[in-house]
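Report on one structure; see the data block that follows.
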Amino acid sequence: MALVTQTTDRRLPFLPLSNRGRTRVPSRLRDRLRDRLRDRSPGLGVGLLGGAVAAGLGLGSFAVLVMVLWISSPYPDSGPDGALHIAAALWLLAHGAELVRADSLSGAPAPVGVTPLLLLALPAWLLHRAARDATEGREEEGATQDAPPLPARTVWLGVVAGYLAVGGGVALYASGGGLRPDWAWTAVCVPLLAMTAAGAGVWTAYGRPGGPLSPRVLYPLPRWVRRRVLDPDARGRFLAAGRAAGAGTAVFVGGGALLVAVSLVGHGGAARASFLQLTEAWSGRIAVLLLCLALIPNAALWGAAYALGPGFTLGSGHVTGPLASDPAPLLPPFPLLSAVPDAGPGTPLAWTVTAVPVAAGLTVAWFTARAADPGEGKTPWTSGRTAANAGCAAALCAGALAVLAALAGGPLGSDALAHVGPVWWQTGAATLAWTAVVAVPTALGLRAWRLRKRPKDTRTDTGTLKLTPAAAPVEAKRRHMTADDAYEASDPYEAEAAYDFLPADLPSPSPWYDDTASREARWAALKEASSTTPPEPKETQL
């Protein structure tokens, strides 16, 4: 019992009766619990600290910007408390949460749900970096460069918990200002962004592994989905479809941004007049300029929806599209809204915007055809598999555009301004139709063009097992082969069978058996050994 080690002896010591002993027991218990918690969950404290710091940095950035604009304004409407409330509300709006404006002109609360997508990048980047650094364990004491990463689940949980702890306090503080958070949207959007960005950061810290998912994750899925996910070839095709869809989405967004730039140049006078009309102070103009920069991704998605056909809405019943444009008659003076096309039917010049979805479909087709031909020494895809992968890429591209369109729009009030921006399901359906119609036949044509120099027998892999008849036995070949038959040297099986008919020399007898003298000597030795009597055993006296 005296040899009990420290790791096995986990019993608490007996409490002494003196006051000195009673004061030391809580500190020992606290130290032991702290060490045990640190040993069982390494990285939890680092994750909590990283998440809280990420939330504080994002909130501090908004607070500094708002306070600088408030200080430089010649006529501030409220004190620093009001400016800080606006900063907290903008921080929540950057996560996609919807706000409620209490002091509207009608007296009724008016929702504000258009999220500037450029602001969304700041909290996402801070969360991603916090989770990545916490997983790599750079803040741990004594951590080296070659140290293994900390547990992913623990770090992810710590970062999310630390971020949401600060976010909850910010939401409570913002609820007392003029822009109040909608609690339903806040309870969904802030945790969703925190979990997604932190998960991406942990995944990056582990080297972006692309292996199969855990069985616990795949168990609730249907059986055919599990088979597809666990199949390495199916995963490779899905990744190829994802790359093609990402390229197509980038073309859509870039084309929409190009349309917005062209429209701003065409309506440059109206945009400049609205910019000067909003405010005369330099602080206000800087604020308007920063707001326009934050809304550039939203405007690019509005332009993509316009090129697809459904367009976007500027109030209830006012749709702006390439076929017909009916913007709201009383739009607020804002530079980006000045670039909206004029009311009236579509013109042939407006129909040229269809080049954007055509270019996106061609991009998806090119990426799909490149994946269908992996190169020399590898089996290319069949026509059906290529078409199916192009359709899958079109569906993924449509889903991405639908999500982005939902984020780019939202309410700016009630009644007439209940929704501003593209309708997500119309944008997704138009994206699917355009991309599938253009990408599928083009991918098949590009695949055929890339495979034109390949041999016909190795051009495609049908996925069926090819059976060849077994070679005939050698005896059957001997019976049917005549003396005049000549074999082809190029056939390895015939060349091997030809050696079966070559004459073989019989082995010559060994000289050891033919030598008469040696044979007689051996017989004499055997006779002498058999005639010799063995010696009698000696008797022993007992």
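One is the number of the first residue shown, and numbering goes on along the chain from there.
Backbone N, Cα and C define each Cβ position, glycine as well.
Keep in mind that TrEMBL annotations are predicted by a computer and have not been checked by a curator.
Among the features that TrEMBL reports, transmembrane segment is placed at 44-71, 83-100, 107-127, 155-176, 183-206, 244-265, 286-308, 349-369, 390-412, 424-446.
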Report, as numbers and ranges, every residue of the chain located at least six residues beyond the transmembrane segment (44-71) whose Cβ falls under 8 Å of a Cβ in that stretch; write 'none' if there are none.
37-38, 80, 83-84, 86-88, 90-91, 94, 122-123, 126-127, 129-131, 133-134, 137, 139-140, 150, 154-167, 170, 194, 198, 283, 286-287, 290
Non-local residues, at least 6 beyond the ends, that sit with Cβ under 8 Å of the transmembrane segment (424-446)
244, 248, 252, 304-305, 308-310, 357-358, 360-362, 364-366, 368-369, 372, 383, 386-387, 389-391, 393-395, 397-399, 401-403, 405-406, 409
Quick tally over 83-100, 244-265, 286-308, 349-369, 390-412 of CB pairs under 8 Å to the transmembrane segment (107-127) gives the top stretch as 83-100
